[in-house]
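> Pasting a structure here, questions to come.
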Amino acid sequence: MRGLGLKLRQGRFRTLWRFGYSARLLKTNHFRTAASNTSFPAVWMLLAQYSGRIPGPFVVVRKNAFSTMPETVEDKANPELYSPHPGVRGMTLLNREAFKRTVVVPALKVKKEIVNSLLKSLKQSVLQRPGLKRVVEDPEDEDSRLVILDPHKIPGFSLGESEQQVLKELSVDPEVSRYNLELTYENFKSEEILRAVLPEGQEVTSGFSRVGHIAHLNLRDHQLPYRHLIGQVIIDKNPGITCAVNKTNIIDSTYRNFEMEVLAGEKNLVTKVKENNIVYELDFSKVYWNPRLSTEHGRIVELLKPGDVLFDVFAGIGPFAIPAAKKKCRVFANDLNPESYNWLLHNCRLNKVDTKVKAFNMDGREFLRGPVREELSKELPLMKEEQKNAFHIVMNLPALAVEFLDVFRHLLVGEPCSAAALPTVHCYGFSKHEDPAKDIQERAEASLGTSLDGRCSTYLVRNVAPNKEMLCISFQVPADVLYKRPCPDEAKPASKRLCTSQGFSEEKLLS
């Protein structure tokens, strides 16, 4: 396809010669039908571009987002050939009827009793575009049918030797005719529709994420005048999507949610999602959920073993906590957002792990200095060298989590536990640095007050924006950071000592 496309720049006539075809071999007839905007050479690349799957009249957009079709040489030479009716340019209120266009495609006249045999023998050459008929009635002969061919596979409306041999065996006339094929709104892909509507030369879309029945867009300024049309096109072209929203401000770092505008469809933002075989329910307008983190959630859970303890400092609705509990880990999950906390409880019940997850609704620092410290103070002195259970602390608040690492300084009092039992932290952060791994390590070291050289690993989670990466740095908290050695004259057991330097009373520490 690319080879043919590159040669189309040099003109159809020259293309045919380069592929071994002579224009004199093009013997075609017209089936004249009432149609406007007919474009004969357009179809060569137009329909060839449409080789993607279209279930029924709709286009599936994979992985919760759709991407702009790349510009090609052919697009620049004949941009009008790959668009719906040019009259839709600048449309802001969707009018599906305005997208109709007629193109000319090659067709073979075949006796209806051998149509099936021909389709099987020429399956590589027949038009394969769901939503469009491959076989239509012959307006001139009720005993015959017209088999529509793929114009990309039949360049210049001229059959190759293999096709001609098939026709000879089936006693089919090898004469190729032109057939006027009407394309409607249902036959165009979403990106093709949006490219035809938006001003020429502007980016078609910045993509969207799918959250249950909701398409979440993040439109650029130049796209905003068309936002309601864009939202409706996304709904039309993606089965199961019934609501399209656009983010209208940045994520609030306190509760990790953002304001949004419903562009089209229903206004119900309570939805259900499935990630790594676990179902979650949430109100997308009130809690944080990012489907692009599915792989990362699975990666961390894969590190856990049954019997391990997980402390999830910024748990959200439970994408780390719930699968960890299902893996028979002990889980302590916290989130400051009351809505996230409530949905966390709901999803724990939904997934039948409510007895395995202790949930908290408090500030991350308070969670670390309270429940986390209490549990570590109780469990670590009891750990034996041969015990294999581990403690993991997940801190997924990339905008701020690194700044919370200073909490680990002298969090515990007493003699350090064995090195193997020291808790492992998985801390997330953003970086715009030219060396993101070095940047996040240096920032973590500054918060901890110690070097992590040779004691940490960094993992690139995803590219968030141009020159902005999301990373995870993992490390065991060094004993000299985690523990405050008791003074010689302190007689109380380590588990009952006061932590006055952190502002906690004995009663609170032991509660």
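One is the number of the first residue shown, and numbering goes on along the chain from there.
Positions of Cβ are set from backbone N, Cα and C atoms, glycine also.
Below are the features listed in TrEMBL for this protein:
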- 208-479: domain 'SAM-dependent methyltransferase TRM5/TYW2-type' (DOMAIN)
- HIS297, ASP335, LEU336, ASP363, GLY364, ASN396: S-adenosyl-L-methionine binding site (BINDING)
> Out of ASP335, ASP363, which of the binding-site residues has the smallest number of neighbouring Cβ atoms within 10 Å?
ASP363
> Including all protein chains displayed, how many Cβ atoms other than that of HIS297 (S-adenosyl-L-methionine binding site) lie within 10 Å of its Cβ?
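Around the Cβ of HIS297 (S-adenosyl-L-methionine binding site), 21 other Cβ atoms lie within 10 Å.
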> Quick one: mean pLDDT on the domain 'SAM-dependent methyltransferase TRM5/TYW2-type' (208-479)?
93
> Far apart in sequence but close in space: which same-chain residues, 6 or more away, have a Cβ under 8 Å from ASN396 (S-adenosyl-L-methionine binding site)?
ASP312, VAL313, PHE314, GLY316, PHE320, HIS426, TYR428
> Within 10 angstroms of the C-beta of LEU336 (S-adenosyl-L-methionine binding site), what count of other C-beta atoms is obtained when all protein chains are considered?
20
> Can you tell me how spread out the S-adenosyl-L-methionine site is, meaning the largest CA to CA distance among HIS297, ASP335, LEU336, ASP363, GLY364, ASN396, in Å?
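Of all Cα pairs among the recorded S-adenosyl-L-methionine binders, the widest measures 22 Å.
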> Note down the number of other Cβ atoms within 10 Å of the Cβ of GLY364 (S-adenosyl-L-methionine binding site), including every protein chain shown.
21
